[in-house]
Amino acid sequence: MAASFPDSVNENDIGKAKFIGELLVPVAPFDQKSGRETWTVAFAPNGSYFAWSQGHRIVRLIPWAKCLKNFSIGHNGEATNASSPRRLSRQNSNGGQEIQTADEPREHTIDCGDIVWGLAFGSSVPEKQSRCVNIGWHRFKFGQDQLLLATGLNNGRIKIWDVYTGKLLLNLMDHTELVRDLTFAPDGSLMLVSASRDKTLRVWDLKDDGNMVKVLRGHQNWVYCSAFSPDSSILCSVGAGKAVFLWNMDKLTLIRKLEGHHNDVVSCEFSPDGALLATASYDTRVIVWDHHKATILLELGHLFPPPSPIFAGGANDRWVRSVSFCPDGRHLASITDDRMVRFWSIEEKAPQAIGSLSNGLCCAFSAEGSVLATGTRDGSVLFWECPRSVASLQHMCRMSIRRLTTTQQVETLAIPTPLRDYLTYKII
């Protein structure tokens, strides 16, 4: 199926996304298609592990450096043999003659006991105290080197695993429907937010042995996805509905709703400096917001002409399934039902590069931003090299400033208007 681009765009100017490798699901005899979907892919914040829900209750944890070595990409990110990307079958990956040292990351296969919808890595910073100050004793003392994996299941449970040992640590039970998405606060506090088909978000404190802190209500339908701002102060949540919800995570209250999409919003992520918010919708668009001001800065269209609001649900071969922000703060990736993966620059209205991807469901950038992982309906994961360019010193300064300041704070600075517009991303 041909991709749709604006008339002003020359399709020949759009680059070909570089496919670098694939992880395949072991195929058992009489294997059925249903239940094999990869609903989530995730990279550990420290870059040590990659995890994906490969269907049939199974989550696979793979040391990322080892995985990358097997693909056609070198240690410095340079493709070494881009014409023949490797495909790795993980059928016998726990067997074989490999001798592992004690401190080398181990590969794990985890049977979660039910279909896995959501995955998230969480790491602890010991100085970050639990919100629960009354209890002096806890079962778990999470150390500096602890890495956890949270899995959201079809039966509404959330299971927390030790990544290094594959051991089950906690079983959180409170949701009444499947847990679609999970996200940890990036500040090392081990606060976990779960988004569920039961129309709620729940906030859990894993430093308080998984105690549930708060139920966030407001969504009228399923909640599909949630994401923390980089400073952990704001949570965005989206679901079966047109509104984008923003929550204050210090007070655990609703800040506002962002209105602009014409159909269900299914994916959301903040930029690395916290200045921008990207949301993906079945209305065939990704919107980049200034969430501080509730304004739309950029619309990335996947169908031209775009469907009118009345028919925004009709173009279901162009539904956007997932959006992810690159750690460089300048690139985005989107997965769409038109069998494409697109890489965007925030400076352009058209994609920088595209690749062919059948049945894509989800995507995530590696911690350093050089690779995009995309999960599919058949349980496999495809990896792509992110288009690279050297970020300007201006942009790096902007990201440094915006990590610490809101749009409103920038607007009060006594600086020239063009500089203010640049810092607030009005001029990209």
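Counting begins at 1 with the first residue displayed.
Every residue gets a Cβ built from N, Cα and C, even glycine.
If you check TrEMBL, you get these features:
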REGION    79-104  region 'Disordered'
COMPBIAS  79-100  compositional bias 'Polar residues'
REPEAT    142-171  repeat 'WD'
REPEAT    172-214  repeat 'WD'
REPEAT    216-257  repeat 'WD'
REPEAT    258-290  repeat 'WD'
REPEAT    320-354  repeat 'WD'
REPEAT    364-385  repeat 'WD'
DOMAIN    387-428  domain 'SOCS box'
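Sequence-distant neighbours of the domain 'SOCS box' (387-428) (same chain, 6+ residues past either end, Cβ-Cβ under 8 Å): 15, 17, 77, 230-231, 272-276, 290, 292-293, 297-298, 328-331, 343, 345-347, 352-353, 370. DSSP states for the repeat 'WD' (320-354), grouped as helix (H, G, I), strand (E, B) and coil, give 0 helix, 20 strand, 15 coil. Residues 40, 45, 115, 117-125, 128-132, 135, 138-140, 142, 148, 150-160, 220-228, 230-232, 235, 237, 239, 247, 249, 252 of the same chain, all 6+ positions outside the repeat 'WD' (172-214), place their C-beta atoms under 8 angstroms from a C-beta of that stretch. Shown for the repeat 'WD' (216-257): DSSP residue counts in helix, strand and coil, namely 0 helix, 24 strand, 18 coil.
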